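Remarks on the structure that follows.
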Amino acid sequence: MCGIVGAIAQRDVAEILLEGLRRLEYRGYDSAGLAVVDAEGHMTRLRRLGKVQMLAQAAEEHPLHGGTGIAHTRWATHGEPSEVNAHPHVSEHIVVVHNGIIENHEPLREELKARGYTFVSETDTEVIAHLVNWELKQGGTLREAVLRAIPQLRGAYGTVIMDSRHPDTLLAARSGSPLVIGLGMGENFIASDQLALLPVTRRFIFLEEGDIAEITRRSVNIFDKTGAEVKRQDIESNLQYDAGDKGIYRHYMQKEIYEQPNAIKNTLTGRISHGQVDLSELGPNADELLSKVEHIQILACGTSYNSGMVSRYWFESLAGIPCDVEIASEFRYRKSAVRRNSLMITLSQSGETADTLAGLRLSKELGYLGSLAICNVPGSSLVRESDLALMTNAGTEIGVASTKAFTTQLTVLLMLVAKLSRLKGLDASIEHDIVHGLQALPSRIEQMLSQDKRIEALAEDFSDKHHALFLGRGDQYPIALEGALKLKEISYIHAEAYAAGELKHGPLALIDADMPVIVVAPNNELLEKLKSNIEEVRARGGQLYVFADQDAGFVSSDNMHIIEMPHVEEVIAPIFYTVPLQLLAYHVALIKGTDVDQPRNLAKSVTVE
């Protein structure tokens, strides 16, 4: 969601801040701003509604000089998107940027008004600026003021604070929203995502929950909320910002759809050996833990939740392990009964999804056997806090609507299923079929991508529609969910997905000539049942678009469009059938002229509740 970048150096830092913000644009935002302080304490602040490029243009018109600065991209939570609500916020000489939500901002606002403070924005962040200012007036250093102010905040925050009168220091505090310090030579940096700092450093310290950091050019000191100094290990990162430019593609999403064959190859690299899945990266004790697993609980949000839903079918049918999948925001606020020897699996592209992280932390209190994170970002909070972790190795995903992160999550999950089936002593043919299918998957997707022009032609039929219905059965039902999510995310068409067997239990009432119905139809044991559901739609005049196996025996008619798909191995069919639905959503959005890579109101990494 929001992005933070801070720098303290002997050189001008404005361009470092702007480049950091550019690297965080993919997370989603509606406004941007920065503040820079020079050695004499002169502070310059610029804020703009819209893209970082508009802020950069303003910085060219009003050159910013100074070695200390903080910058921010805002995704509105409290207060509409506007320049006055954009960060940084100030209270006299105190300057603040903040990610998260301060839940008790209203009573704090009233207290501060009673003390004479005037609020100029609608944001909860301005409360932090005035509160630190008030505490500083009570005496002591900026660090002491921050240590007194922070315990008064309830909610999630990652915040960076500077005092323009003392430009030699930055203060940062983290609770529920990530912050990482970048270590340089005679200069230091801070950001909400290490990607922002890769041009200036490879050495990082990840702040932990409750940490408060004091950063100067030559030192970093970290304290807990009591003011006691704590030690945090610095690491050398090999993370690559490999998004590059869009090349021949119009959008990052299109590029990332086409990158999926190579992304899946990268996910598989080093993990298949002698016809078996090799997950030795999990460490020497992983087999002992995994062999005890009698139940799997999966937590995720959004697209990751849909991948978890697919894997439930795999864990149960192929590994014989009962599996439950739950939306993380629901799990964390209900009283749940923990099954015996239950493994907690969390799924997140970013590894910073607030609800998923909170669910992981809750699982440790509830007594789960262990935790395993499946993630695309090494060093993320989810990875650091889990017992075991598997990286998807999808490469940087810029488009807000997930594509290659989803299919590589499924690839990792299927490898884990193979591993567990072997540990459970099941028939070796299960793992053999999974490995064979996964090795064939990249070429199968390349075949499918050759159908792009056919799908593009169909997209015209959707451009004037307001609703769409997706249907699937078995492990294709979650793929229908994912297809509906993609269409609504980027084309703004209201789309719903149902298990096809539920058609008569409500959704059939929606069917008419203006309701496109998209069906995924691999040639499996559920095909005949699915054909009956399709006939129910045809009989009521619905417009059908069926992505069907070439051997499934479908014939196009006036109200049924058949898009033939190459035959694929059954075990990989859910991954394969995801791709045409991604392309359909992309082309519909293109016709409608929406912002494909950064759809309205959405963020790539949801770091608040």
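Every residue gets a Cβ built from N, Cα and C, even glycine.
Here is what Swiss-Prot records for this protein:
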- 2-218: domain 'Glutamine amidotransferase type-2' (DOMAIN)
- Cys2: active site, nucleophile (ACT_SITE)
- 286-426: domain 'SIS 1' (DOMAIN)
- 458-599: domain 'SIS 2' (DOMAIN)
- Lys604: active site, for Fru-6P isomerization activity (ACT_SITE)
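Over the domain 'Glutamine amidotransferase type-2' (2-218), the average per-residue pLDDT in this prediction is 94. Annotation: Cys2 carries the greatest number of neighbouring Cβ atoms among the active-site residues Cys2, Lys604 [cut-off 10 Å, Cβ to Cβ]. Here the CA atom of the residue listed as 'active site, nucleophile' lies 10 Å from the CA atom of the residue listed as 'active site, for Fru-6P isomerization activity'.
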